[in-house]
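*Asks:* Got a structure here, written out as structure tokens. Questions coming.
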Amino acid sequence: MGVAAKIAPSMLSSDFANLASEAERMLKFGADWLHMDIMDGHFVPNLTLGAPVIQSLRKHTEAYLDCHLMVTNPLDYVEPLSKAGASGFTFHVEVSKENWQELVQRIKSKGMKPGVALKPGTPIEDVYPLVEGENPVEMVLVMTVEPGFGGQKFMPEMMEKVRTLRERYPSLDIEVDGGLGPSTINAAASAGANCIVAGSSVFGASDPSAVISLLRSSVEESQHKS
């Protein structure tokens, strides 16, 4: 058995006006984590939510809040997000090549789980030092769409990155985000992803719990085969 499957509905696809009840609904449907997309309108063109919203949501749930920071200056967000109640803090390698050690150290010192994300155009080798360093990240997020907006098409060519990571790091949490759903999960799971972010495919489903369950069983079945 490999690393545990974690299904993380992307709250970017939820009804923001009813975030607490949407979070509760997803957990009832079997979600392990809640994926929170934090964008600054600069690293990516979209502007979504920040620490105040995480803080408001935290009052209503004990769930693991998996925060993905699509921001230019992640260091500035460590303190506010830890105070707000974030659980995981995943920053982008493209903006952290100079200061990732300090960033990881600060994230850990605040009791959050550090992760690193990479855009589709970024070579997988760029994250190796962060996984192999003396104070490593604990998760790698392989973006399977260009970050910034929900509802985009899954990029199957990104699965080579996932496969390479899984061969190199058998016990690492490897997350995929973008276009994941019933028609694309098998490609991601068989490549070795165990943390699955799914937005439109879960929130837009007539039976979200069936979709969450299918995503999980695909990851688990792939691990049994490998």
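Numbers here mean position along the shown chain, with the first residue as 1.
Here the Cβ of each residue, glycine as well, is placed from N, Cα and C on the backbone.
Worth saying up front: this structure is predicted, and the values here are computed from it rather than measured.
Grabbed the feature section from TrEMBL, which reads as follows:
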BINDING   S10, H68, G148, F149, G150, G151, G179, G199, S200  substrate binding site
BINDING   H35, D37, H68, D177  divalent metal cation binding site
ACT_SITE  D37  active site, proton acceptor
ACT_SITE  D177  active site, proton donor
*Asks:* Just the number: how many Å between the Cα atoms of G148 (substrate binding site) and H68 (divalent metal cation binding site)?
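*Replies:* Their Cα atoms are separated by 11 Å.
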*Asks:* So among S10, G150, G179, S200, all listed as binding-site residues, which is physically nearest to D37 (divalent metal cation binding site)? Use the C-alpha atoms.
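*Replies:* Considering only the listed binding-site residues, the nearest one is S10.
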*Asks:* Would you mind sorting out which of S10, G150, G179, S200 (the binding-site residues) have a C-alpha within 10 A of the one on H35 (divalent metal cation binding site)?
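*Replies:* Hits: S10.
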*Asks:* Please report the Cα separation of G179 (substrate binding site) and H68 (divalent metal cation binding site) in Å, rounded to an integer.
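*Replies:* Distance between the two Cα atoms comes out at 16 Å.
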*Asks:* Could you measure between H68 (divalent metal cation binding site) and G150 (substrate binding site) for me? Cα positions, answer in whole angstrom.
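*Replies:* On Cα coordinates alone, these residues lie 13 Å apart.
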*Asks:* What count of other C-beta atoms do you get within 10 angstroms of the C-beta of S200 (substrate binding site), across all chains shown?
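*Replies:* Taking all protein chains shown, S200 (substrate binding site) has 16 Cβ neighbours within 10 Å.
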*Asks:* Other than H35, D37, H68, D177 themselves, what residues in this chain have Cβ atoms within 8 Å of the centroid of the divalent metal cation site's Cβ atoms?
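*Replies:* Near the divalent metal cation site, beyond H35, D37, H68, D177, sit A8, S10, L12, M36, D66, C67, T90, L141, V197.
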*Asks:* Can you check which residues sit near D177 (divalent metal cation binding site), meaning Cβ under 8 Å from its Cβ, same chain, 6 or more apart in sequence, and list them in order?
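*Replies:* The answer is S10, H35, H68, A117, L141, V142, M143, T144, V145, P147, V197.
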*Asks:* Have a look around G150 (substrate binding site) and count the other CB atoms within 10 A of its CB, chains all included.
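*Replies:* There are 17 such Cβ atoms around G150 (substrate binding site).
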*Asks:* Taking the binding-site residues one at a time (G148, G179), which has its Cβ surrounded by the most other Cβ atoms within 10 Å?
*Replies:* G179
*Asks:* Which value in Å gives the longest Cα to Cα span across the substrate site residues S10, H68, G148, F149, G150, G151, G179, G199, S200 as recorded?
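*Replies:* Max span of the substrate binding residues, Cα based, is 17 Å.
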*Asks:* Which has the fewest other Cβ atoms within 10 Å: H35, D37, the binding-site residues listed?
*Replies:* D37
